[in-house]
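Feature list (source: Swiss-Prot):
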ACT_SITE  Lys138  active site
ACT_SITE  Asp157  active site
SITE      Lys217  site 'Important for guanine/8-oxoguanine distinction'
Amino acid sequence: MKKNEYFNEIEKIYKEMSSHFKERLKEFKNIWENGTNKDIHLELSFCILTPQSKALNAWQAITNLKKDDLIYNGKAEELVEFLNIVRFKNNKSKYLVELREKMMKDGEIITKDFFNTLPTVAEKREWIVKNIKGMSYKEASHFLRNVGFGENIAILDRHILRNLVKLEVIDELPKTLTPKLYLEIEEKMRDYCEFVKIPMDEMDLLLWYKEAGVIFK
C-alpha cells in the first residue's frame, strides 16, 4: 500500500474541500436524526432511480413525484409519467410501488421506524439487498450514506472504481461486480482510507468531487 502521484493530487483537493465534505456528511446525518418516515422513504426511493441515471435527474424525479403525493399513493402507470429523465422508467416505477407496499403499515409509511429495528448498518444493507427490487450493494450503500450511515461502507460506482484503479487500490476495473467482489473491494478501500487517514465517507465525496466538480448526494 502506498501514496502514489494521483493520491498527492487528490490530497490537495481534500485539504481545500474537507470542511465542505464534513458539512455535507453532517447534513446527511441530520436527515436521519430529524427526518420523518416520509423523508427517509424519499431517500430510499431516490436510490432506486439512480442506476445508470444521473443523480440530479433521479432527485428531480423524486421531487416531482412528491409534489402531488404520487410517490406515496400513485400507481406504477402514474409514476412512470414522471420518470422520463431516468433510465429503465417502466421497471423503476414498479419498484417504487413495491417498495411503498413493503414500507406501509395501516396506511402509513414506516420506512424510518422499520430501519430502526435493524440495529447495525450491515443488517440494514443486507436487508435492502435481499428484499428491495432494483437495489444492489451499491444502491443500498448509497441510501445508507445519504442518511448518515456511510462511515464504514463504500458506494462502488464507476467513478469510484475508476479512481481506485488510479490510486492502485485495485488493479483493474471489474467487468462485473458480484456481491463477493463488492465486499472485497470495499475492504480494500476501507484499509486504504485508514492508511491515508481520510474517512471512508469523505473519500467517497472527494473522489466524486474530483470527477464531477460537485458535492451532491
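Using N, Cα and C of the backbone, Cβ positions are placed for all residues, glycine too.
This view paints the features noted in Swiss-Prot onto the structure.
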residue : record                                                : Cβ within 10 Å
Lys138  : active site                                           : 21
Asp157  : active site                                           : 20
Lys217  : site 'Important for guanine/8-oxoguanine distinction' : 19
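In the three-state DSSP scheme, Asp157 (active site) is classed as coil. Across the structure, Lys138 (active site) and Asp157 (active site) place their CA atoms 7 angstrom apart.
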